[in-house]
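J.: One structure coming up, written as structure tokens, with questions to follow.
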């Protein structure tokens, strides 16, 4: 037993507000039956299996109870919204209704055995908890209070926890802090974020290394030609300093400033509003992509579900026949209401009468009624009523000011599928009007409110792929177990039928998400036996999950199949033309999704991810090496067809034939991977990078896509209904998938082309002045004497040439509308021809030629004084740089012209103050002007001529479109 620590709960004044809200709800639902919490389920005094778990004292936080034990069912609904900033854990007691992430929804409570909140100061209790671990989706522990009679034992699970940063919107929560500091899940799951480096930066690094070798080689050659006379090592160091301009030190600064400019242009683009650039290191990567890996739900689709189909086995209802379902529901409840009115004197519940009657074939109306009622009850949706305008905003008094009208009701749930189903039941006449921790209220078409007591809730998990509830009808005392889930999980649970598998396939081919709904009637004895075993399993400290699952599975046998529902997730606007544009741009698109194979295949075809003319090869399920070998051989014989493979088969292929599978998959125009886990998504991205060496881009909208986004060379997040996890973790954030097209084809192209030109020109700027220094030293007997000194060298790299060179970030070779109209232009970018060793050598030759002409021309044309050589060569150098920028520019911008004249004006103005470098009397003569002009023309005119001839004889692809 841990040492007892005094408890200090926060004071609260919300009791009056809660009571007022309860009175208001009771008045609004006057037709409701008795409260669902009239009878409290019995508590079990079981010996726990505590062994190796940490024993921790109970430390209370937040506010205490507002009502006594008998009022649990009338406590105000505590709606909780969550901002995921950490994974610290907060075990909750009392009234709690928790909505954690958009894909998780938990509701549970822990009985502390308090009659009033003042008793909290004197309880003798402790919590057994797991030792700190990485898994954020599980928690096991027990709460024990020993000073009560009998002692209280309650199990604690993931459903009893609150994330750090959770906001309690209304009501109160009592909790104990379990993990702090380094023991929290958030800290234990934290990994050092990796810094992404763009391919352009890596290429420039290689070129810079080549320039460094050239610097060392040139210095050694100069010392060798000197004959190693005197202190040669000192001369070597001096030459290394003289030629140090070969190393483009300012390249990093110019590129970073350019990247910042590209990001600003992207966020200012009105064609893609809401786009956010979250990194300033890899905008050029958008122009080098070969593989685009995308999620499906919420990325290609809207994640807005619409109920489309209800299938009962013998009859199917679609959007055009929903009014028939509504008529059946109205008829069923009108008959039920009349029968209930005629049997008010009967004391025997209808369940007893029906249990002894022989089974007869149900009518269509009763089957529709049962199916709609099951859909209306089996979910985790909560109706929410917002506060009236102008009402108090305090969380404690929010319940009092709520408007409980139909117009003010919205639904909150862990999944859009759930909301779509409940909204559909409302449209056909059965409305969910209230839900709290222990009860649920439905309103029939006639206005009668039916109350159901929530006895147990089994939440949906990715392992079970189903969820269920056990409810008791307050009016008839019938206990029913409802369950719904994926067809793969439910097919073995429901009674034998011959239509479920076929209809699931038909709906999947229509692009619908299917759910199988079933039920099972329980007697009071059956439920009591189940509850006893279930609570014992939940109190277990070893293999709790397995024991709980085994108890629940004891109920999941021979369930009555009620219906099959189909919900449609519509495509986002502009998905089809965007995918077609990306495919024409030479980008191979892979869709990685957790949906079933049929749905993923249908979406791939409807979104034109797989073109109409392409064949689709569906990779058969494989479980062994031999099966994988045979299936890969069968796939090898196919040509130009899209591949569809499940996550399980993918895992087997990667285990035994990783290289062969990746080689075949990379040849496919499109790949669809279904039933993929987040880890598998990230692994596929890593394998693509490893096996192909090409640049990859991952795009998603949910937390399950974060690992894939971070593993890719370029990550794009979409702000959708699943929160902003993907958006915040990505390098670029967009609001719609169709914005990807312009982001890649326009901004990716411009960023890459501009950075390539900017990088090569900065290197050219250093090479040309180093060439002049080498020529000067060679002429004067390899003397290690600087040609230009002091401010001239500083000004050359800054005010004299910086503005024109940096203005290249405004250049564009193709207009944006042309790039969007002809996405085939994007294919040339992936070849990396704008920046390669070939283009680098061309710029080196240009620098050597121009540097030699400028230096030799100045030496030939100078007359008597050395200062004239400096004046002539440096002025010609500045003019050559400005003309070379003009030669490189493909589309002029007014800021480019301003930069040219600004730099030229700065140089001309500075001549008056540089008396120690220039002879002012000489630079004002006509002789100086014609000599400078002659040298500049000789250095630049041949290059302009070559550029003109190249455009005429071998024009680039984009020039044919813009002419």
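In case you wondered, yes, glycine gets a Cβ from its N, Cα and C as well.
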J.: I'm validating the feature mapping. Which of 162-181, 182-201, 262-281, 302-321 is tagged transmembrane segment in TrEMBL?
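T.: In TrEMBL, the transmembrane segment feature sits at 162-181.
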J.: Only counting partners 6 or more residues apart, tell me which same-chain residues put their Cβ under 8 Å from the Cβ of residue 295 (Mg(2+) binding site).
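T.: In sequence order, 591, 592, 593, 699, 700, 701, 702, 704, 705, 708 meet the Cβ cut-off.
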J.: Are there three or more C-beta pairs under 8 angstroms joining the transmembrane segment (236-255) and the transmembrane segment (840-860), sequence spacing 6 or more?
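T.: Judged by the Cβ rule, the two regions do not touch, with the required three close pairs absent.
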J.: Starting from the Cα of residue 297 (Mg(2+) binding site), work out which of the binding-site residues (460, 513, 594, 675) are within 10 Å.
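T.: Checking each Cα against residue 297 (Mg(2+) binding site), the hits are 594.
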J.: Are the transmembrane segment (210-230) and the transmembrane segment (894-914) close enough that 3 or more Cβ pairs fall under 8 Å, when only pairs 6 or more apart in sequence count?
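T.: They do not touch: fewer than three Cβ pairs between the two stretches lie under 8 Å.
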J.: When you scan the chain for residues with a C-beta under 8 Å from the transmembrane segment (210-230), skipping those not six or more beyond its ends, what do you find?
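T.: Residues 236, 239-240, 243-244, 246-248, 763, 766-767, 770, 774, 777-778, 782, 784, 837, 840.
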J.: Is the number of Cβ-Cβ pairs under 8 Å between the transmembrane segment (790-810) and the transmembrane segment (920-944) three or more, considering only pairs separated by 6 or more positions?
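T.: No, the transmembrane segment (790-810) does not contact the transmembrane segment (920-944).
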J.: Indicate the candidate from 297, 704 with the smallest number of other Cβ atoms within 10 Å of its Cβ, considering only these binding-site residues.
T.: 704
J.: Find the average pLDDT over the domain 'P-type ATPase C-terminal' (728-955) in the predicted model and report it.
T.: 89
J.: Would you count the other C-beta atoms found within 10 angstroms of the C-beta of residue 675 (ATP binding site) for me?
T.: 18
